[in-house]
Amino acid sequence: MSNVLVIKSSILSNYSQSNILADFFVEQWKQEHPADVITVRDLAANPIPVLDGELVGAMRPSGQELTQRQKEAMELSDTLIEELKNTDVIVMGVPMYNFNISTQLKNYFDLIARAGVTFRYTESGPEGLITGKKAYILTSRGGIHKDSPTDLVAPYLKLFLALLVSPTLSLSSRKALLTVRTLLRKR
């Protein structure tokens, strides 16, 4: 039995191509792995706070007492990180907005990227501290962007996930709904 974390990051709810793709993936996954536990985190329905100067201060302890807002953000950060640590498979439904990921997903990343907790600095550069995860990135974007210089989503996600969780990574786009079944069989 595996724990599967599905992260939806579109603001368009049921009209979102990336959410539709993530839902399809989950349906197929359940058929192939009925004993797995699936947790869905919808970042638009349950927004993550924007990282600002006050919240960064909480992530870099100074010995000062945290404000209530800082405490709440750190509790959420701890929860999100624990959720990530306890999952075996990460599935991300990711739209492209203005050549990049959604603000909702960026806010999530900002809250889970914590030096000494999810990554550390070494002489050879940053190193992820959460290992052994399998990640599926399910993206939606206009067809003219796939594999072009204007597709900043795929390279960014690959870089960020490699930093934190050192995953085995699979990437699929909206035009590749049928490949979801193929991806599942490779697991």
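Backbone N, Cα and C atoms are what each Cβ position is placed from, and that goes for glycine too.
Database features, via TrEMBL:
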type    : residues                                                                               : note
DOMAIN  : 3-162                                                                                  : domain 'Flavodoxin-like fold'
BINDING : SER10, SER16, GLN17, SER18, MET96, TYR97, ASN98, PHE99, SER140, ARG141, GLY142, GLY143 : FMN binding site
If you rank the binding-site residues SER10, GLN17, ASN98, SER140 by how many other Cβ atoms lie within 10 Å of their Cβ, the lowest count goes to ASN98
Rounded mean pLDDT within the domain 'Flavodoxin-like fold' (3-162) lands at 90
Across every protein chain in view, the count of C-beta atoms other than its own within 10 A of the C-beta of MET96 (FMN binding site) is 22
